[in-house]
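Peer 1: Sharing a structure with you now.
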Amino acid sequence: MGQNFSKKSSNDLVNRIIFTLFMLIICRFGSFIPIPGIDSIALNSVAEKNQFGILGMFNMLSGGSLGRMSIFALAIMPYITASIIIQLMSVAYKPLENLKKEGETGKRKINQLSRYLTVLLASFQAYGVALSLESMVTNTGPVVILAGFFFRVTTVITLVVGTILLMWLGEQITQRGIGNGTSLIIFIGIISGVPSAIISMFELSRKGALSPLIAITVCIGVVLLIAIIIFFEKAQRKLLVQYPKRQVGNKIYGGEATHMPLKLNTSGVIPPIFASSILLFPTTLASFSNSNSDTMSMLTYYLGHGKPVYILLYVVLIMFFSFFYTAIVFNSEETANNLRKYGAYIPGKRPGKNTSDYFDYILTRLTVIGGIYLSVICVIPELLMNKYVISLSLGGTSFLIVVNVVLDTMTQIQTYLFSSKYEGLMKKIKLKN
């Protein structure tokens, strides 16, 4: 009987993995279906021109869908943006904060609000994409074959439906598959661009534009970078939490100690994404405008990839968003109050404000190290891309996303296997009894 249960659990895991792969194949298939009314030749020339702007970054996150202007051109980004906005508002807006405390019911309502906001943001972004496409003219002609009201309406509907479909696929993966669906959709998009980036690098090496030694060094550097990311993402500070003893009749319960882990990089991959978006926005606007003014030229030059001003601002913004997002993700006061509610305490710290201040003290130091780590991981590839013209798909943000998603998915698979074995063991014990 126990063997049958173990086999059933194993089959369930395999089915979940197959379901996840099937959903991701649908995502990749949709990224090659273009929206109607686009001249693909003219679009390719525009995509090549803007591959190092904000369009290049979002094209990387969408797995090339934006460059091909497919039905998934907006990718899952409107949903992520909506989720972050709702998360930010839940800190400042009291009704949303109260909704968070309602448990599973409140979580469902917040998810529903995120979906509504996703549709709204996707509609605005889709309309902006339609207007931008209509304004693009290349040597081969305009990007849009027949501009006008009908093109805008069909583009908005197509892109919004594409985003909703991706959002639904992500939710299905989370519920019925393995891993976080949204993260896996971004992951598969980034991974899809890696083979072409590797081929491009070795092609440059073959033609003599890039030294073979440098190409090998870059490959070794990538392996080291992945190892460093894994080390820092797994790094955590464990705080001792003590529970008081209590006597019930003649028996004494409690008194055990446990640990509260605080991640070194609490903010995750959000700071580099936000910092990149803000810095690349002015240069993208400059590339869209037809103005050849000195101001625009100077802006494009100083905020270009690998330039000292760009690197400095990039590091400053990463550090700022590291602190900002950590403060949102981890509420020191709320955590301290929860510990006090359950009678737990940090040894040597009084429950309440003293514990909250201690959390802030520890988190500040962790966030400084985490911010420096994120800055180094993101800046080194920027310098390499600027010097050796390596594809944006091998940027620091890409590495962070890919490694984090792989680690999270592996952890979930291990947890699933462990829980299956535990359930099988409990079932055997019950049968013996």
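For all residues, glycine too, the Cβ spot is worked out from N, Cα and C.
If you look up Swiss-Prot, you'll see 17-37, 71-91, 117-137, 149-169, 184-204, 212-232, 268-288, 310-330, 366-386, 388-408 marked as transmembrane segment.
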Peer 1: Which sequence-distant residues neighbour the transmembrane segment (212-232)? Criterion: at least 6 residues beyond either end, Cβ under 8 Å.
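Peer 2: Tertiary neighbours of the transmembrane segment (212-232) are 201-202, 204-205, 264-265, 370, 373, 377, 380-381, 384, 388, 390, 394, 399-400, 403, 407.
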Peer 1: Sort out for me which stretch, of 149-169, 184-204, 366-386, has the most Cβ pairs below 8 angstroms to the transmembrane segment (71-91).
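Peer 2: Checked against 149-169, 184-204, 366-386; highest Cβ contact count belongs to 149-169.
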Peer 1: Using a Cβ cut-off under 8 Å, which residues of the same chain at least 6 positions beyond either end of the transmembrane segment (117-137) come close to it?
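Peer 2: Residues 38, 42-43, 46, 69, 73-74, 78-79, 81-82, 85-86, 143-144, 147, 151-152, 155-156, 158-160, 163-164, 167, 288.
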